[in-house]
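Some features that TrEMBL has for this protein:
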- 1-342: domain 'FMN hydroxy acid dehydrogenase' (DOMAIN)
- 21, 127, 162, 238, 241: glyoxylate binding site (BINDING)
- 74-76, 103, 125, 153, 214, 236, 269-273, 292-293: FMN binding site (BINDING)
- 238: active site, proton acceptor (ACT_SITE)
Ligand SMILES: Cc1cc2nc3c(=O)[nH]c(=O)nc-3n(C[C@H](O)[C@H](O)[C@H](O)COP(=O)(O)O)c2cc1C
Ligand SMILES: CC(C)CC(=O)C(=O)O
């Protein structure tokens, strides 16, 4: 089943307002579409008779082994798709040897996600909260749950304007952002334009987890992130959900990879749908990619087995594409494999 068949199935099963939230985009959806279109425009140039033999797609990222350079991107509210929510996604991640980045806006608390999927490698995504004491306690919960990295999202100084959200504002009865529990209540997520690079040093004091900056689109910002001690970068435009008309992530990737120069791992998300997209991103300088909506559609269409299928299919497609390209492994992927559009 392809991701678009999953989406059709999700549309049949889910509340239309929730489908619209998952699918949602900022403005006119120019960036949303550009992410996928940019991958489609790139062409692969396979090499032949390389005697490559059987290949291995496994690698290690920030000390964490992963079966393929494909991670689960952080996405909010998995219980809108399936009653087990993030528990199901994490079990599927464990079953496929995939690193899952759990959203701060998960509908299962990070401790419960970890307990439900003991074999999973979890990273935790954070929106820094203006109450830094509360931020510290959220980070502490992620650390106590065994998360292996902190992914700090920096492309949301305010919420994206999503005209087509069709009225989705509040979670249904019984669903909450469990990581924001505070005493008897649950605090709202606060976005703030007041954060600066200096906040990285504050986070560094709060945790021993490696810190990854998510939402970088410029080489100079990537360099600043490295200079301020980031351990990794995610080239991301939030799946086209924040500022419309920013470029497709794969278009800005080569410049960012060059600016980072291998100092820290560079990940990319936005529009990755097939194994061939993974090859293209790696060829243009990414160490790994992350997928957002396909995981949500797989979860809605088929629960935990649905997500397992999405993740294992991506890995199979990657292996197939690499074999077809004459690669012996991930190290064999270079820019020569991709022909950019004229
Ligand atoms: C429904 C939905 C919820 C999201 N929630 C978060 C979130 O809580 N934190 C975050 O950093 N990014 C969030 N994102 C952005 C994803 O991490 C990722 O950048 C994006 O989905 C990648 O694009 P793709 O969906 O085309 O794969 C969300 C994306 C979607 C579609
Ligand atoms: C709860 C939201 C802030 C999650 C998000 O980042 C998104 O919907 O894109």
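Here the Cβ of each residue, glycine as well, is placed from N, Cα and C on the backbone.
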Contacting binding-site residues, sequence order - 74, 76, 127, 162, 214, 269 vs ligand 2, Cβ under 6 Å: 76
Recorded glyoxylate site residues 21, 127, 162, 238, 241, farthest C-alpha pair in Å: 19
Binding-site residues whose CB lies under 6 angstroms from ligand 1, from 127, 162, 269, 271, 273: 269, 271
C-alpha spacing of residue 76 (FMN binding site) relative to residue 21 (glyoxylate binding site), in angstrom: 10
